Amino acid sequence: MKLKGEKQESSDYNEGSKGKMTLLLALVTLISAFGSSFQYGYNVSVINSPAPYMQDFYNQTYFNRSGVPMDSGFQTLLWSLTVSMYPLGGLFGSLMVWPLVNNCGRKGTLLINNLFSIAAAILMGTSELAKTFEVIILSRVIMGIYAGLASNVVPMFLGEMSPKNLRGAIGVVPQLFITLGILVAQILGLHSILGNAEGWPVLLGLTGIPSLIQLLILPFFPESPRYLLIQKGNEEQARQALQKLRGWDDVDDEMEEMRQEDSSEKEEGHFSVLSLCTFRGLRWQLISIIVMMMGQQLSGVNAVFYYADRIFQSAGVDKNNVQYVTVSIGAINVVMTLLAVFIVESLGRRILLLAGFGLCCVSCAVLTLALNLQTTVSWMSYLSIVCVIVYIIGHAIGASPIPFVMITEMFLQSSRPAAFMVGGSVHWLCNFTVGLVFLYMEAGLGPYSFLIFCAICLATIVYIFFIVPETKNKTFMEINRIMAKRNKVEIQDDKEQLEDFHTVPGGQAEKKEISSSEL
């Protein structure tokens, strides 16, 4: 039995050494991000370079079956299905988040999810041998479901495991692996490697390997301590998981914070998506993640990637060398996301969101100008290259990684799965919409379509500036209190809080109380 004074010392000691990056935490971060987020990125860009060879395969297969060549309209339809089934699958995957993470746990969901990826990889890898293109389209849906689950469950799993002073940095790691996946797919998709008539089935099938690795290694790592304590009510397992992750035995402070979160949520129970949407106490959190997710996808990141090849060609880059330029853009994306991992804890989330969307907004506006003038002013085509690079940098430091970190931080345990389900669905629905609408937008508006993206970025900046709070280095309860003021609701935990701290000498309790209300 500890004396009061001893308890005090140990918690002060804990404050001092709070949240170092242990080997176990680093490994679980890398394994979950490599095994899940990496494939999301890989499958975003994997079909770009082998597209002509895959279309030839569609044509040839159709011809062998029916004896007549495929109609060009039908071929366009099949190809746009191949591309757009992925984000549609992502939407379905997001809708499965809430039931799966609540029933199977965060780690359990990631393990089950690997089966989707492995099945799709086998189907895509053997599609040429089986002489069937329908299987590729089906596999894209399955891979989409996989990516929809992965893009939501990995940030949730890692966010719940991280100490508060590392939560942002660890939360950006999944996005780093998404950009790495995009880059690896671009490199392997070079014509000299696998982006050719013989290599594309292998290129598509490789996606199963990271899943297989995760399926074999992840079972040896602990489940999210928050899930074990708050949802399973298993205090002993939660304590053991937390001790392993933190690398020391005294985890009382963090257990206390989780219990506090648990007791303040007892009244509300578990949120379904419907109850989340109608609950006044979480109104601004919900609007914030919807706005950030819409801003992230509708700011035209896919369009800029799509346009990049043509922008570089118009700047005089040789047609055969464009693929190398695309790879270098993918590399810039990775490097800038890596930078975000290191600066998100020092600069904070708000600055990165505002700076990121700000860079995207300015570069879209200048890009419109440059694309319109490049026929008359010779150096404008170089300016458009600069705009693309600035845009990619802006998206990589703020708009891409931070919204997923914010979902983890703005919601407590009971509402987090439903919030990820809403945020994820908005993310994939907007991704699907941009993919569908952009071709028509481009045909109708040409370069002016970037002005629409510019306006969307500007609207997102204004919203974030006025509404979204800074969340770095705060516990989930502290963030909840900040948002409660905005929602104009009372938090029920004050009574419990005073009870929690009655063991500590009076001054300490008062001090804690004041600091949380000052926030």
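Just so it is clear, glycine is given a Cβ too, placed from its N, Cα and C backbone atoms.
Unlike curated entries, TrEMBL annotations are predicted automatically.
Here TrEMBL flags 509-519 as compositional bias 'Basic and acidic residues'.
If you average pLDDT over the domain 'Major facilitator superfamily (MFS) profile' (29-472) in this model, you get 92. The domain 'Major facilitator superfamily (MFS) profile' annotation in TrEMBL covers 29-472.
Residues or ranges marked as region 'Disordered' in TrEMBL: 500-519.
Marked as transmembrane segment by TrEMBL: 21-42 (among others). Beyond the transmembrane segment (21-42), the same-chain residues lying 6 or more positions past its ends with a Cβ under 8 Å from any Cβ of the stretch are 110, 113-114, 117, 143, 146-147, 150-151, 153-154, 157-158, 161-162, 166, 170, 173-185, 206-207, 210-211, 213-215, 217-218, 221-222, 244-247.
The feature transmembrane segment is assigned by TrEMBL to 77-98 (among others).
As annotated by TrEMBL, transmembrane segment applies to 110-130 (among others).
Only residues 6 or more beyond the boundaries of the transmembrane segment (136-158), in the same chain, are considered here, and those with a CB under 8 A from a CB of the stretch are 28-29, 32-33, 36-37, 39-40, 43, 54, 78, 81-83, 85-97, 100-101, 106-107, 109-110, 113, 116-117, 119-121, 123-124, 127, 170-171, 173-174, 178, 204, 207, 224, 404-405, 407-408, 416-417, 420-421, 423-424, 427-428. If you look up TrEMBL, you'll see 136-158 (among others) marked as transmembrane segment.
Taken from TrEMBL, the feature transmembrane segment applies to 170-194 (among others). Residues 25, 29-30, 32-34, 36-46, 48-50, 151, 154-155, 158-159, 161-162, 200, 202-203, 206, 323-324, 326-327, 330-331, 333-334, 337-338, 340-341, 344, 396, 400-402, 404-405, 408 of the same chain lie 6 or more positions beyond the ends of the transmembrane segment (170-194) yet place their CB under 8 Å from a CB of it.
The transmembrane segment annotation in TrEMBL covers 200-221 (among others).
Among the features that TrEMBL reports, transmembrane segment is placed at 286-308 (among others).
Annotation comment: TrEMBL describes 324-344 (among others) as transmembrane segment.
What TrEMBL lists as transmembrane segment is 351-373 (among others).
The transmembrane segment feature in TrEMBL is assigned to 379-406 (among others).
Here TrEMBL flags 418-441 (among others) as transmembrane segment.
The transmembrane segment annotation in TrEMBL covers 447-468 (among others).
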The transmembrane segment (286-308) versus listed stretches 77-98, 110-130, 351-373, 447-468: most Cβ pairs under 8 Å: 447-468
Criterion met for the transmembrane segment (351-373) and the transmembrane segment (77-98) (at least three Cβ pairs under 8 Å): no
Highest-contact recorded stretch vs the transmembrane segment (77-98), from 110-130, 200-221, 379-406, 418-441, 447-468, CB pairs under 8 Å: 418-441
